[in-house]
Each structure stands twice: as structure tokens, then as C-alpha cells.
Amino acid sequence: MSANNRVVLAYSGGLDTSVAIGWIAEQTGAEVVTVSVDCGQGGEDLEVIRQRAIDCGAVEAYIADAKDEFAEEYCMLDLQANGLYMDAYPLVSALSRPLIVKHLVTAARQFDASVVAHGCTGKGNDQVRFENGITSLAPDVACLSPVRDLALTREFAINYANKHNLPIETTHHNPFSIDQNVWGRAIETGFLEDLWNAPTKDVYNYTDDPTYPPLPDEVVISFEKGIPVAIDGVKVTPLEAIVEMNRRAGAQGIGRIDIVEDRMVGIKSREIYEAPGAMALIEAHKELERVTMDREQARYKQRIALRWSELVYEGQWFSPLKRSLDAFIRDTQEYVTGDIRMVLHGGRAVVTGRKSETSLYDFNLATYDEGDSFDQSYAKGFIEITGLTSKLAAARDVKFGKGEAMPKLNLS
Ligand code: ARG
């Protein structure tokens, strides 16, 4: 790498990436530009992080407030898909990586850099998400992982930071590896690596203990084409909807997830998540789909959502197949408009009411009371026809003496 080359580094403000600034410069002779993206992770102010990057030796520090962008273009698509990896994980970290990649590429163009670096290890999914993303958006840009490729271990980082007097805490040791944004929080490592160990109270931050909940909280969420647009009649942006539901569902301990997950590299790992807003919104959205979506479209969508979630988990956000599935998912949302009433209490978000102008529910067809308009005589022929293949197969079983699974009539 020539001396005038620049490296753009995804910078969290933490120990590892703070050390990476100087370490990359030393090892490659390049100037380092940091990029920090706010996806609603809370914590330190972006300006504090920017100054730390400069103090650690960055020549430029790019910051982006991407909270609304993240909510609108990433979280909302997951909500419309009801996207859960392994039927459980609302893709919190997986969703944020492609957004960070977009800003990394923007910065690489702006500061004329030919390399992008990230602080991921060589064991996880995030390295794949970053590097696949970069390859998709900027095939001419190379990727560098100082932790994986330049032997930047935790111990090395502590010694380096002390030796160079970097303005970063090296003594405080967090037992967990945590990634968080407005869609949720992921907690791993430490004593959680023993699968039998139950999570302790200090693991959680977005949710209160559901064992001792406050009084039940009733909420009405209004959707337009699968996007929440109002809560209890007050208009909200997607970001506001998530923040508000994080607060209310979080207070009831909703959205705690404790699973063993299949990582891309083949490792099974223990993951704790908390995603109160995401899980409550998905619950509401699913029910509104049950009311408004055509049966066959809904069945097919479930399969699409499963594949979509796998693609997102596996760092294929910008892939052609993922984009085609996006189009399918968005198309299914045309009539997913209406209100869902839920009671949030003791770790659960339970739907208690639905209302929609675009509903496919027909009271007169469904009712067993006065006003029933369903002609029950149609059902007889319908059953004849749908049962015909089984009837033929059963008759053949009897003919070939294979009917023993059927109960014999005892007429004596
Ligand atoms: N296992 C989750 C995923 O792959 C979470 C990863 C979170 N990253 C972290 N550094 N804790 O999406």
C-alpha cells in the first residue's frame, strides 16, 4: 500500500477500534479515516466519539446520524417480512451492518480511500456482512480486518492503548460482547457460553424483569401498508414507533430471547437478545396480516420470509435474490392497513382487537348467528372433490391388504 493511500475504518469508539486507528497506520503506512454511524444504539454522543477518533490519530472522522434511515429502510422491511432468523431472532445486528456499509462506502468515495476496515473477529457473522456488503457496493474497494488479519488481540489492544496513552478506558472489563441499536440488543460471551447458565439481571438493559410487571398496558397500533403510522391515535414516524414500543413493551419485559444460534461459519453460539419494540410490532403486524391478507399469498409469504431472513443473516442484503424478495414482500403489504389493539403485560404482547377497512374478514360469512350468508350446501360437494384422491388411495390399500392402519369394525 502506498503512503498516500487511505483506509476507512468502521469506528465504534471502543477499545479495539480505537487501537486499530494507530495500528493500521503503523502496519500499512496509510492514513486512517473513521466512520461512526448512529443506528439508535444510545450511549456516547457522536461528537465525543468523533473527537476520540481524532485524538487516536485519525486524519478525518466521518459521523452519520442514520437513525431514521435505519428505522425506515431496514427495520420496517424486517417488520413487513416478520423476519425472524431461526424463527426467533429479529436480525438486530444483521440489519445494521448493510447500513453501516453504505456509509463506509460513501466515506471511502468522499475521502478517496481504497480500503475499508472493520473490527470484527474471524469467527462471527459480522465480518461476512461487512465484506460482502463492501464487495456488492464497491467492488474496487479492498477489505481489511485488523483483529483477524493484523493480530489485534484484546491483550495487545490494552497494552497498545496504555503505551500510547490513548484516551480510552482499558481497565473496565465488560464480561459480554454487546451490539445494540434501536431494533434491539445482542449479548454474548462470558458465562453465557455455558448453555446451562441462566442469564442474570445485568445482561438486560432494554427490558425490565417480566416476573414483576407493572399494571397491564393497552395500546392501539395503526398500520398503513405494513408500516406503523400511529400509536394510540398519535402520528409517529417509523423511528418513533420503535422507540415508543421499546419503552412500553420493555417495561413489561417483552422481547427477551435466549437461543442457541447457527452462525454462518458453522459454529453454534449462545445468544441473548432483547427486542421489546420489534417483537411487539411484529406480533401486531402478523395479526393484521391474518385479517387482511389473502390465504395463499400469506402462506407463500411465510416461506419467502424464512429465506429472506436467512439471506439477511448471512450478509446478502445487497444480493439480487434478496432484492427480488424485498419486492415480493413489499407487494404483499398493499392492503395491510388498519388498527391492532394489544395488551402488554408480564412478558407478553397479546392481541385483543383488530379493525381494518381493507379486511378480508366477512362477518356475514363467518357468523353462526342471524345474518349468516354462507350457503352450507356448497360444502358437501367441496368435501367430495377435495377428499377424492385420499378415497381412491384408501380403496387401493384395502384391495392390496394394506388397510391394517384402519380400525376394523367389530360387528359381533
Ligand atoms: N449473533 C448475532 C448476529 O450474528 C449478534 C452479533 C452481535 N455482535 C456482537 N459483537 N455482539 O447477528
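From the backbone N, Cα and C atoms, a Cβ is placed for every residue, glycine too.
Features reported for this protein in TrEMBL:
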DOMAIN    6-167  domain 'Arginosuccinate synthase-like N-terminal'
BINDING   ALA10, TYR11, SER12, GLY13, GLY14, LEU15, ASP16, THR17, SER18, GLY119  ATP binding site
BINDING   TYR89, ASN125, ARG129, SER177, GLU261, TYR273  L-citrulline binding site
BINDING   THR121, ASN125, ASP126  L-aspartate binding site
DOMAIN    176-392  domain 'Arginosuccinate synthase C-terminal'
Distance-selected binding-site residues near ligand 1 (C-beta under 6 Å), from THR121, ASN125, SER177: ASN125, SER177
Residue among the binding-site residues TYR89, TYR273 whose Cβ has the most other Cβ atoms within 10 Å: TYR273
SER12, SER18, THR121, ASN125, SER177 as binding-site residues, winner by CB count within 10 A: SER18
Under 8 Å by Cβ from ARG129 (L-citrulline binding site), counting only residues of that chain that are 6 or more apart: ALA94, ARG97, PRO98, VAL101, GLY315, TRP317
ASP126 (L-aspartate binding site) versus binding-site residues ALA10, SER18, TYR89, GLU261, TYR273 - nearest by Cα: ALA10
Proximal residue to SER18 (ATP binding site) among binding-site residues ASN125, SER177, GLU261, TYR273 (C-alpha distance): SER177
Cα-Cα distance linking GLU261 (L-citrulline binding site) and ASP16 (ATP binding site), given in Å to the nearest integer: 25
C-alpha spacing of SER12 (ATP binding site) relative to TYR273 (L-citrulline binding site), in angstrom: 20
Chain-mates of THR121, ASN125, ASP126 with C-beta within 8 Å of site centroid, L-aspartate: CYS120, LYS123, GLY124, GLN127, VAL128, ARG129
In three-state DSSP terms, the structure that GLY14 (ATP binding site) belongs to: coil
Number of Cβ atoms other than its own within 10 Å, given for ASP16 (ATP binding site): 21
Integer Å distance between the CA atoms belonging to ALA10 (ATP binding site) and TYR89 (L-citrulline binding site): 24
Separation of alpha carbons, SER12 (ATP binding site) and ASN125 (L-citrulline binding site) (Å): 17
